[in-house]
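According to TrEMBL:
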TRANSMEM  7-26  transmembrane segment
TRANSMEM  78-95  transmembrane segment
TRANSMEM  115-136  transmembrane segment
TRANSMEM  156-181  transmembrane segment
TRANSMEM  188-205  transmembrane segment
TRANSMEM  211-228  transmembrane segment
TRANSMEM  263-279  transmembrane segment
């Protein structure tokens, strides 16, 4: 039984060190990037070999993700870490049967997990306080039929619609981070944190949000720290028995430089995780809410007239490749109702980024914000405040569009609130 306990402890010690990877914090230290690069390449080699030999998650693992944390590589890496942790823990125990687990090893493991939870809680909590993680639906999204959206985007807009709700969600995460910062409030922080992070994990699972693996690992962190003091929680909440304070996060440093070093490191951690996040969010918030002076007024533009090579062409509503309307949104973003794959196509609309040149009366359409070369350009001309004409060459054809700005009102954009509702809406 003693050896099994050792294997369990050593397994979780290795598992958390592999999944949390504290050495990645070295990337913030100038000149130490080579350490993390070497580690990343080594781990990738092991993961690919394990996948080829016996995991077989997919024949070819995807290491890119493009914002997804649930790629085939991520799952293969997760399984590889579990196998590596178990194998090394067994070998470690066989080679050191008589060795007792050191108090310092437990201290570092518990605090590694604790500070990882603090970092996650503050990072995701602060960005929600500013309403930046899930933005309010833009015009293109409001104009898209509900059935076109995938569950993840639908859930993103659900939270982004209400800034107070997003603020409350972020506040709960920040409270978790604050409670975990102080050793006396760690038990309460873990209980509140488990409720907060289980809710996040459930949402990721139920709405197919591709952060399932990461959120599951955060929940595992909470469960582990609660499990090591499970007897104390049982005595306090169920058996109504006295219990002693949690000591798994305390370590008696004998030397003065160690005590000073602990305070310095904790202060630096708070400044980096809390201060840097707040600074970046303030800067981002300012950019998001700065007043724009766009030449093209924001709004939905219906196509009144379409000419191709000087030939008047009727817009076929059944033609999925035909351009049926234009939306010019804030941030120099826009979309066209079409399935034309020239642009980035999603949810039944083709999305673009545009730049205007007032001196040349030109509007350049790009696929992405970072693109230096536009897909094509068109001359623009305002007939009046509501009518906009576009003319240019696209795929060797000369196109002419006369657009009429439609003063469409979206009830969802009105952010209605009623204390008294005489009937269901």
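Think of each number as a place in line: the chain as shown, counted from 1.
Here the Cβ of each residue, glycine as well, is placed from N, Cα and C on the backbone.
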Contact call for the transmembrane segment (263-279) against the transmembrane segment (115-136), three or more Cβ pairs under 8 Å: yes
Highest-contact recorded stretch vs the transmembrane segment (211-228), from 7-26, 78-95, 115-136, 156-181, 188-205, CB pairs under 8 Å: 188-205
Stretch of maximal Cβ-Cβ contact with the transmembrane segment (78-95) [cut-off: under 8 Å; candidates 7-26, 115-136, 156-181, 188-205]: 7-26
Contacting positions for the transmembrane segment (188-205) when only residues 6+ beyond its ends and CB under 8 Å are counted: 117, 121, 155, 172-173, 175-180, 211-212, 215-216, 218-219, 222-223, 225-226
Same-chain residue ranges lying at least 6 outside the transmembrane segment (156-181) that approach it to Cβ under 8 Å: 114, 117-118, 121-122, 124-129, 131, 133-137, 141, 149, 188-190, 192-193, 196, 270, 274, 412, 415
